[in-house]
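Accompanying notes for the structure given below.
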Amino acid sequence: MKLHEYQAKEVFADAGIPTPESALATSVDEAVEVADALDYPVAVKAQVHVGGRGKAGGIKLAENTAEAREAAESILGMDLKGYTVDRVLVEEAVDFTNELYVGVTMDRSEGAPVVMVSERGGVDIESVAEEAPEDIVREHVDPSFGLQAYQARNAVYDAGIEQDVAGDVAKIVQGVYDLWADSDATEVEINPVMVTSERDVVAADAVMKLDEDALFRQPAFADMEEDAAEDDLEAKANEYGFDYVRLDGNTGIIGNGAGLVMTTLDLVDYYGGQPANFLDIGGGAKADRVANALDMVFSDENVDSVVFNIFGGITRGDEVAKGINSALEQFDEIPTPVVVRLAGTNAAEGREILNDDLVTVEETLEGAVQRAVEYADEEDIQ
């Protein structure tokens with residue numbers, strides 16, 4: 001579960017990590033009211049889960065009331081990379097002299113948490129990692145002991161952070177790690193940490209991703225789950241209990257098991273397509289659950305074809321087939337072509353049940369993916 005910036009900054013503030021003064025607004029008048037209560041200039045920032053908000057027009061600076069109103073009117077309701085902006089964070093703009101990067105995640109190759117610090121903040125850190133990996137200092141942490149103060153200081157000094165702010169940056173590094181560990185997060189990131197003209201340090205942005213499977217022991221985040229959902233599709237996925245990730249492509253993908261779905265995503269890409277989503281219906285899925293999954297994928301207007309990849313173990317092929325038929329029979333006209341690959345338990349029975357007038361059945365996964373990609377390409381041409 002990824003928190004919005006405003007949610008992450010609330011968590012940061014509670015953890016003692018300095019952030020600019022800010023407040024959330026859901027209307028133009030409310031945004032202006034917040035801006036007037038702060039010290040100008042202010043930044044008006046779209047609250048959507050996309051990168052590059054500034055370049056896409058989702059972040060604007062305002063020097064006065066009129067500009068704050070103009071910025072809010074421009075951002076609220078805009079379509080930002082496929083997402084409608086329905087709320088903005090209004091915060092005091094920071095007069096900065098330098099931008100840094102601080103982040104914590106799990107390094108799976110080392111089997112340990114890793115703290116990352118860089119002087120090159122304010123830019124895409126993935127690009128820095130590719131072009132100049134030496135510019136990112138990495139400090140691995142023994143989770144049995146947690147991040148020690150000397151490790152935080154070493155990371156900051158090794159990154160070349162200016163000495164007069166190094167101590168404050170080290171405190172932020174320590175705070176970010178402690179927050180990552182205490183909240184069962186998969187990633188906590190500040191990009192950038194801004195060094196102000198008065199030589200203070202503040203978290204000008206905030207990224208926080210939580211392990212959804214650990215939310216049962218994180219009651220403090222329970223109230224944030226619904227608001228953290230980006231749109232109706234994510235909210236619907238939460239309601240149905242699906243593991244769902246929306247992507248930027250046009251080939252919808254439904255499978256039973258994370259590994260199977262990931263394999264299907266890779267094959268869609270291999271055959272020249274673009275995955276529209278990750279959707280795992282889980283093991284033992286009954287007909288109604290399959291129907292819900294298909295209805296959800298159809299709800300994404302970017303989807304031009306759908307591929308089912310089902311390998312029956314606990315999940316029976318005949319139950320999946322009934323669910324597909326049930327979902328498709330609700331439509332006077334099928335929104336997009338549907339391709340199905342069934343294998344495993346009761347797969348033969350499932351293929352017999354499937355309505356050939358509604359779906360295309362393929363024997364192999366490769367054949368199913370290629371057919372789905374072809375259908376998506378045809379829809380694009382039309």
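Yeah, the Cβs are placed from backbone N, Cα and C, and that goes for glycine too.
Taken verbatim from Swiss-Prot:
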type: DOMAIN; residues: 9-236; note: domain 'ATP-grasp'
type: BINDING; residues: K45, G52, R53, G54, E91, V94, E99; note: ATP binding site
type: BINDING; residues: N191, D205; note: Mg(2+) binding site
type: BINDING; residues: N256, G313, I314, T315; note: substrate binding site
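Overlay of Swiss-Prot feature records on the structure.
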residue	record	DSSP (3 states)
K45	ATP binding site	strand
G52	ATP binding site	coil
E91	ATP binding site	strand
E99	ATP binding site	strand
N256	substrate binding site	coil
G313	substrate binding site	coil
Restricting to the domain 'ATP-grasp' (9-236), report the mean pLDDT as a whole number.
93
Within 10 Å of its Cβ, which one of these binding-site residues (K45, R53) has the largest number of other Cβ atoms?
K45
Which of the binding-site residues G52, E91, D205 has its Cα closest in space to the Cα of G313 (substrate binding site)?
G52
Other C-beta atoms within 10 angstroms of the C-beta of N256 (substrate binding site) total 25
Expressed to the nearest Å, what is the distance separating I314 (substrate binding site) and G52 (ATP binding site) at their Cα atoms?
42
Using a 10 angstroms cut-off on Cβ to Cβ distances, just flag whichever of N191, T315 is the loneliest among these binding-site residues.
N191
Pick from E91, E99, D205: which of these binding-site residues has the biggest number of other Cβ atoms within 10 Å of its Cβ?
E91
